[in-house]
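Taking it in order: structure first as structure tokens, then the write-up.
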């Protein structure tokens, strides 16, 4: 097995036993990036010099006996995380030349463990999308089929794992942006409970929905990464002051008696036959392990997409007002005065999808429509939260598809925003409820594309979904399959 194919825990063991150095592992990974990046386009920025410098420092740390789980591990980050001294664009022209003066809290926590940063990953512009087609830096391709999308908005984070261009990655999830690409690329992706991981230093899209999480090769790595970034942060007012459990200790091959809910609103006519077949097989696997299934109802599911696209766009129109060409970012060189500079800088700097969402959000917040749209959406959000609360009185975990179809072809839904928005129909409710959910590899379509299953837990119930995911992984081999690039 090549060094770039290892998991975090496998590479950690080799580093600990001095069988390999971090510099060797990092060089192998950088060579892999060079080899496949022209076909995948998972990265916006690759940082070879910084990576090798970090790897040398990690090797010194290991030699001194000061080793943590991520010391010397090559990791890549979605280009939405501020990284001190490393360009951070959010895949937008408006931030093309932006170099942050500080690190996001999650980045600082990974650096404190001694991670090796190999680069910043492609995404949908400002995390607005489900296909990683809206990036200013070009489309990312799915390593399983280069003519298909990798999912979005954290498409680069999932594609880099599937293409073996990073040992682990970090993404963000606002309406499914970690789980959906993880499903489409055959990776493990986890969206923690809102408030579990600090959002400080993460470029904001929709502040009440955004959450930071890992994309990895297996569930063990996912637990390691979550443990590294989770925890209270006084710099983030939405961060929750709760102790961080040792997620690795939750990993158990025992789900006997675990009550798993199947929401009838998610298993509907119109679900792709390959997705349905994968879900049926996964349910049988869990039954064989002694889990119990209960049919449940999440009655307000039908309203989730409309609710999300009112709340998220409203928050985006406010959050993105700061990009005006004055203090940082793109400034139009053809402006005639201040107001013209605002208009031209934003018109030139933002892509079509970002402009669409800013306009939708501004409309929803306008005085004549605020009550009819934004306020009503917040009320429906509360009903969706209550649906999940009631469900978790009956069950421990909820099992659903991640997406209605496997990865679709690049360009297939670009001209139809509504079709694109509906591809997140099964992931959006989890963000609106503020609870945790994850995608794990569960099978393949007849065309050889990965299909994931979603496990949803109660708020701060990451240990429970990790346990359920680990048990499934131990009894299947989907996570071991590799894209042949």
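Every residue gets a Cβ built from N, Cα and C, even glycine.
Annotated in Swiss-Prot:
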type     : residues : note
ACT_SITE : 78       : active site, charge relay system
ACT_SITE : 153      : active site, charge relay system
ACT_SITE : 177      : active site, acyl-ester intermediate
Intrachain C-beta neighbours of residue 78 (active site, charge relay system), sequence separation six or more, cut-off 8 angstroms: 120, 121, 123, 154, 156, 157, 169, 170, 171, 172
Packing count at the residue listed as 'active site, acyl-ester intermediate' (other Cβ atoms within 10 Å of its Cβ): 37
Secondary structure of residue 78 (active site, charge relay system) (DSSP, helix/strand/coil): strand
C-alpha spacing of residue 153 (active site, charge relay system) relative to residue 177 (active site, acyl-ester intermediate), in angstrom: 5
Cβ neighbour count (within 10 Å, all chains shown) around residue 153 (active site, charge relay system): 35
